[in-house]
Amino acid sequence: MIVRSISLDFFRNYLHLEAGFHPGVNVIYGENAQGKTNLLEAVAYLSTASSHRARYDRELIQFGVDHAFVQAQVSARQRDFTLEARLSRGGRRQLFSNGVRLKSAGELAGVLNTVLFCPEDLYLIREGALVRRRFLDGCISQLRPRYAEALAEYRRLYEHKTRILRDGTEKPSLLDALDEFNLRMAQTGAVLIHYRAHFVKRLREVTPAIHLDFSGGRERLELHYETVKTVTDPEAAPREILPQLLEHQERHRQAELESRQCLSGPHKDDLDVEIDGKSAKTFASQGQTRTAALSLKLACREIFFQETGEWPVLLLDDVLSELDPRRQAFVLGRITSGQVFITCCEDMGLGRLREGKTFHIHAGTLV
Ligand code: ATP
Ligand code: MG
């Protein structure tokens, strides 16, 4: 997949930008706070309709302006697409593919696949489960439109149920809806668990070999998907998982009412990483967890390739400068094909690695 060009209006610090990209390596350099991450964020937004660092779309719109546009020409599956997002401070965002309005973000899944890698991702293993769930969600949503839709639905239900539990003591009639919400969350949750289990299975097939190579043949990495305790076989069909989720909800009903929190469901899932049989989160050194995080991201890129027959667009935001020369060389050695965007503060001469183009960004303009 290739992003041929992008056009931005009022997106973050870009008033207006038109840029054509190389199908190989695109190095984007500039001083701090000039718009490097914003540009990568715009590309990633067109692939997932979400941003890795903005909670709300309105954060992407330039200060003092009430709308923003992002448009890109993309080549994928031997076809050309024009993807467009129109963001508005007051109204709903609108997504288009070749001028046709998309009904949901799920319809965007698979048109443009991206793997974004930023310095925070180096803490993927050490941080709480939320970041690992985000990692899984981001990957699976791009590969499986049904997953993206189920995830959006689950989030809506989760927020609604949380409000019911929070306000139910003052207004007990709200609790009448609890059974209905539990059932819908279990139905949607079963879909999430099923897809997550299958994706983790793929990760287990691909990641250990990358990690072994990365650690010079020394470290053995293992991955385990951790989900709701009552689920005996997370890879099973969602209809088989459903009663097991309902059972878990039932067991936690009283605790949920007392704590006023949703305690049961795949919003607590985790991806457990072990190195040489020990929990990486607890026992691995900083260097080991970094290597494991890099292995996971590179594995994700390879799974995308195996699933779609095309390399996803790789977005490396500031990550190379965070790595020692050995890790840098390893990462660069594995990305000899597919389109890559690399941001850095100085022109690191990376453009020489492979055929590509270098861009200098200053105050939201190409110089
Ligand atoms: P660094 O090297 O420090 O990572 P960067 O070039 O990646 O810098 P960006 O994160 O792209 O910097 O941000 C560029 C500028 O955009 C920052 O000054 C930021 O405050 C500004 N910015 C962020 N959101 C908006 C917005 N909604 N409207 C206008 N400017 C914004
Ligand atoms: Mg940045």
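In case you wondered, yes, glycine gets a Cβ from its N, Cα and C as well.
Note: TrEMBL annotation is automatic and uncurated.
Annotated in TrEMBL:
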DOMAIN    3-346  domain 'RecF/RecN/SMC N-terminal'
BINDING   GLY30, GLU31, ASN32, ALA33, GLN34, GLY35, LYS36, THR37  ATP binding site
| query | Quick one: which of the binding-site residues (ASN32, GLN34, GLY35, LYS36, THR37) have their CB closer than 6 Å to ligand 2? | reply | LYS36, THR37
| query | Cβ within 8 Å of the ATP site's Cβ centroid: which residues qualify beyond GLY30, GLU31, ASN32, ALA33, GLN34, GLY35, LYS36, THR37? | reply | ASN38, THR343, CYS345, ILE361
| field | Listed binding-site residues adjacent to ligand 1, that is, members of GLU31, ALA33, THR37 whose C-beta is under 6 A away | value | ALA33, THR37
| field | Secondary-structure category, per DSSP, in which LYS36 (ATP binding site) falls | value | helix
| field | Least Cβ-crowded entry, counting other Cβ within 10 Å, from the binding-site residues listed as ASN32, GLN34, THR37 | value | ASN32
